[in-house]
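Listed features, source Swiss-Prot:
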- 1-15: signal peptide (SIGNAL)
- 16-1227: topological domain 'Extracellular' (TOPO_DOM)
- Asn200: N-linked glycosylation site (CARBOHYD)
- Asn331: N-linked glycosylation site (CARBOHYD)
- Asn384: N-linked glycosylation site (CARBOHYD)
- Asn462: N-linked glycosylation site (CARBOHYD)
- Asn652: N-linked glycosylation site (CARBOHYD)
- Asn883: N-linked glycosylation site (CARBOHYD)
- Asn1197: N-linked glycosylation site (CARBOHYD)
- Asn1207: N-linked glycosylation site (CARBOHYD)
- 1228-1248: transmembrane segment (TRANSMEM)
- 1249-1286: topological domain 'Cytoplasmic' (TOPO_DOM)
Amino acid sequence: MKLLLLNILLLCCLADKLNEFSADIDYYDLGIMSRGKNAGSWYHSYTHQYDVFYYLAMQPWRHFVWTTCETTKGNKECYKYIINEDHNLNAQQLNNIKNLDKQDFCQKEYAYPIEKYEVDWDNVPVDEQQIESVDINGKTCFKYAAKRPLAYVYLNTKMTYATKTEAYDVCRMDFIGGRSITFRSFNNENKDFIDQYNTNTTSKCIIDVHKNNVNTHLAIILGITDSTVIKSLQEKLSVLSQLTTVDGVTIYYLKGDSYATDNIKLKDLKYETLVKYTAGQGQVDPLVNIAKNDLFKMISDKKIKRGTMVVLMDNALGSEFNAETEFDRKNISVHTVVLNRNKDSKITYSALKLVSLGPHYHEFTSNSEVSTTIDELFKGIRANLTERCDRDKCSGFCDAMNRCTCPMCCENDCFYTSCDVETGSCIPWPKAKPKAKKECPATCVGLYECKDLEGCVVTKYNASCEPKVKCMVPYCDDDNNLKEVCKQKANCEADQKPSSDGYCWSYTCDETTGFCKKYKHGNLCTGKTTNCQEYVCDSEQRCTVQEKVCVKTSPYIEMSCYVAKCNLNTGMCENRLSCDTYSSCGGDSTGSVCKCDASTGNQCKCNKVENGNYCDSSKHEICDYTGDKPKCIVSECTEDLVRDGCLIKRCNKTSKTTYWENVDCSNTKIEFAQDGKSETMCKPYYSATCLNGQCVVQAVGDVSNVGCGYCSMGTDNVITYHDDCDSRKSQCGNFNGKCQPNGDNSYSCVFEKDKTSSKSDNDICAECSSLTCPADTTYRTYTYDSKTGTCKATVKPTPSCSVCEKGKFVEKCKDQKLERKVTLEDGKEYQYNIPKDCVNEQCIPRTYVDCLANDDNFGEIYKFYLPCQAYVTATYHYSSLFNLTSYKLHLPQSEEFMKEADKEAYCTYEITTRECKTCSLTETKEKVEEIDLCAEETKNGGVPFKCKNNNCIIDPNFDCQPIECKIQEIVITEKDGIKTTTCKDTGKTTCDTNNKRIEDARKAFIEGKEGIEQVECASTVCQNDNSCPIIADVEKCNQNTEVDYGCKAMTGECDGTTYLCKFVQLTDDPSLDSEHFRTKSGVELNNACLKYKCVESKGSDGKITHKWEIDTERSNIDPKPRNPCETATCDQTTGETIYTKKTCTVSEEFPTITPNQGRCFYCQCSYLDGSSVLTMYGETDKEYYDLDACGNCRVWNQTDRTQQLNNHTECILAGEINNVGAIAAATTVAVVVVAVVVALIVVSIGLFKTYQLVSSAMKNAITTTNENAEYVGADNEATNAATYNG
């Protein structure tokens, strides 16, 4: 049992992604177990420190399966540990399970991998006091951040990374995306239960482990050159020689400007062999492509079944791979081993693109991790060489670990099922004798068969039994008499609940249509007196009233303290504590007064809460909120009496039901100006209505356009009509308004076009339209409406990446190309083009380009290299800032990418030598051709040459072998008729050709160019008297701190074409320069706020020097705040500006306000001048705020505004003092709020309905500030309650 992972483990069918589970087992897996619909309890043993799932009500999926191997006295034995609660054995038989033939305990068909979830300690507070506590099922649990796919995990123990322990239970898991799994109560489990459970349900099953059965070829790319780890790697890679199905190994490594390969036997994969290969520095992309092609050819030729590639690398790749299309579909498995000392995300990102499965990726940072990393590599390769999935036979799908899996969790209404790993389909379980969930006996009607999702259905009717229409069904008086003649009856069920018309109906079969139709009904359903009653139909279609029956739901099923009750207010069933008959009725406390947890000994107990006011339903008490204060009253009704705006709930004592009364506003007087027009014109537009419990006069229509004018209500509540048509101008066209009579004796203000105007509707409307490019009639057409003086527009979709120029939409990206030039081997410039595409409304260079394509863009280059394209490496360079995720999600690229995208899109071409053949200029130096270097040597000197390891050497079978690379020729002399053969020095060497090659290459590179740095880094070296290859010495290309090349720096690489050291131009990136010059200029590399530029100068002696200066235009040295209510600083890590909101507290800025008064206000920064202003809270979902006449804050329950949530404070006025002057003197809306509140506090009196004025002013202030894009609203009651708790 100790193998059940000490980390947080969970199995949940719904949590799986399709490709994340398998129905097979092998000893390379972490572990696997079965699943069911219903997650069970979690048990954690403190004594043995292991986790156990205990499944409840899960048939037959109550199984754990995990595998392991043990070596005893030199014998390796692999077995499965199985927990199986549905088997045919007794406890005694479990001890002898190996020797039992007929047993269904050790089944493998129902096995799925467990999932491992972990706490994200990096995001857990180090201070235990900061860890949030949560009540879950009556238990106090603690919230911890968790790694994907979880968002949070809740444990019953409070701990930090420093104090973490294994002694915890899991309460709940929250998944990213919103799904949660809550674990059931498990207070009664103990060690005895666990021991008994293990004894009866757990056993060890011996298995035959799947042997490796896939023959493969191993391609190893040596791309790690770090001297501190290379020896350990070479020693540890010998472990791969234990792979039993590998038929050969090919080593690939960079060598100079080219590469080298060598084929070795698997047994020679050891340190003594690998030490012979010295890998060059650089990106291994070309080697990956070459190895991929080599392996794919072996697969195509049926020499191997699968290719295996191991990529050792310590540099980011120069290009991006698609693992699925480039490797998986070609049956090649790629495994990466990455040395990433500084955890560079760019290296990780590019290396991950090579693999399609997490276990195939291995990253380490130091020499101490080499052994563990290569062991994991070995396990990953070995697991992948066992094939249990044939794509031609698997009806499910082959997952990433090459196993046939079922497309979903197996569920069937008729049989217990499992996943058949051979076919990937769900089959009855177990195979030998399937267990049926439902039996379907034969009757006189016919033969029945159980079908998934349907149940028992007739598969074959007996004679005269098949129904004539859908609504008839055959039956027999005696089901056991299979010879009885069938009878037919209507298959129409009567109502169990009343229909929508309020009656209970029975139904009969309409033999014409085949559908059921209404037949008879009983009495009308009446008599419900509470929400917890419901209407039910009996067999005689009589409607009766019954009390609702509630049933406990998960996770409360096993909790004895909880019962299912109907809520009288809502009519909904709830899981509530059995002793809880209390409901809140005002007061300071709104929580429950009852508990059932460890503090009450897991018994249901209720205690009065201080300052709480609760009504007891067992005493027929309800809460009456309709008076001045909420109070409990004994009532015949069961619902609380509340006020809701203009409605008041009352109790009918006779019927024992509640009803609503409306506030009557029919007698409210509406006043009009006595001018003979106002009442006639405006009366239809105003009426009296109830608002916030008061009768007010409100407009009920659009009063801004009444007849030829408008209506308005003055401060004296008198309504007046204003005729202003003649002074109006149309919104579009600026036409004069004219009052015209309508056919119904009414009048309208119209705006006819000037008869003298020759402008069309499109011309008129384009001038007042807010659309982009309004005058482009291809995409915008208009119609002028004289009744409103406005225009209606018809808009067509505009082209992508278009802008408005001279009134027309112009497609900016259409047919755009970047013109590029490149100088090729003949010294001529060739032009090529890189097309640009519109992607997500951005015009960017095409993301993929074939730089050797035979098309209009690269045609000239294609023709030039056509004779020998096999030796040309064409690379498309693209900006490293390109975000592939944004591209796939149809999101725009960053501004930084757009700035450099065009500049960073170009092609490079490089000629390489393979097997002593290369691409070279012809004698005319106008074309290139394929040449065999060894054939040239033979032709020129008459001495036979052969190719070995990409170098030309004199044929080993030639009689006159060279001495110290000096070429000798055969001389035949004759004396006395006897011929004598001797060797004579020719004065030539095997180095001559390569020496000339170096000389010509440097000459061609330097010719016609000035100011080129020339540091030679390659020469010929005589090897074994015969071979004379070009050897690069990269040490010469390491930047010397004493040498200043100006704004250029050595890259540490030797150019394989020119045999000179490569230089990089220094412009704005000091990280490319040596530390000596960075320190000399005071460069801060870790400060992203500072950007630099390289400045070059020339001394009187002609010597060029350089230094780094801060580029003030690009640097973010002194960021500015966007408004007066924030400060701005630069983040030195990202270089981004950080804006911090200015904060203020009510108690500090307004010390004269008491806590009770301050409960309604929060302190806010003014966007006008940055000063602090007092602002009243707006309404929230839970709370509503106002002030009494003394300025005291009143917080009301939003759903019941008669219920005050804070302490009530009596207001006693000394007298009425008019405070209008203080308000009138205020200059801004925000200051009005301050003036009103301060006046209330200092004078200790209030204005009538002052809180309405304050609230209105506050809302206006927020409306104004919302126009500022950087405005962020407060958290309403949360912020204020934290400051004032009085």
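Cβ coordinates are placed from backbone N, Cα and C, and glycine is handled just like the others.
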Report task. Please give the average pLDDT for the topological domain 'Cytoplasmic' (1249-1286) in this predicted model. Result -> 28
Requested in this report: To the nearest whole angstrom, state the Cα distance for the pair Asn1207 (N-linked glycosylation site) and Asn652 (N-linked glycosylation site).
Outcome: 32
Query raised in the report: Long-range same-chain neighbours of Asn331 (N-linked glycosylation site), Cβ under 8 Å, sequence gap at least 6?
Result: Ile299, Lys305, Arg306, Gly307
Report task. Determine the most Cβ-crowded residue among the glycosylation sites Asn384, Asn883, using a 10 Å radius around each Cβ and all protein chains in the structure. Result -> Asn384
Report summary line: Residues near Asn462 (N-linked glycosylation site) by Cβ (under 8 Å) yet at least 6 apart in sequence within the same chain, in sequence order, are Cys444, Val445, Gly446, Cys486
Report summary line: Using a 10 Å radius on the Cβ of Asn652 (N-linked glycosylation site), the other Cβ atoms enclosed count 12
Query raised in the report: Whole-number Å distance between the CA of Asn384 (N-linked glycosylation site) and the CA of Asn883 (N-linked glycosylation site)?
Result: 32
Report summary line: Between the C-alpha atoms of Asn652 (N-linked glycosylation site) and Asn1197 (N-linked glycosylation site), the distance in angstrom, to the nearest integer, is 25
Query raised in the report: Which one of these glycosylation sites, Asn1197, Asn1207, has the sparsest Cβ neighbourhood, judged by other Cβ atoms within 10 angstroms?
Result: Asn1207
Report summary line: Asn883 (N-linked glycosylation site) and Asn1197 (N-linked glycosylation site), compared by Cα position, are separated in whole Å by 50
Report summary line: Three-class DSSP assignment, Asn1197 (N-linked glycosylation site), comes back as strand
Report summary line: Simplified DSSP label at Asn883 (N-linked glycosylation site) comes out coil
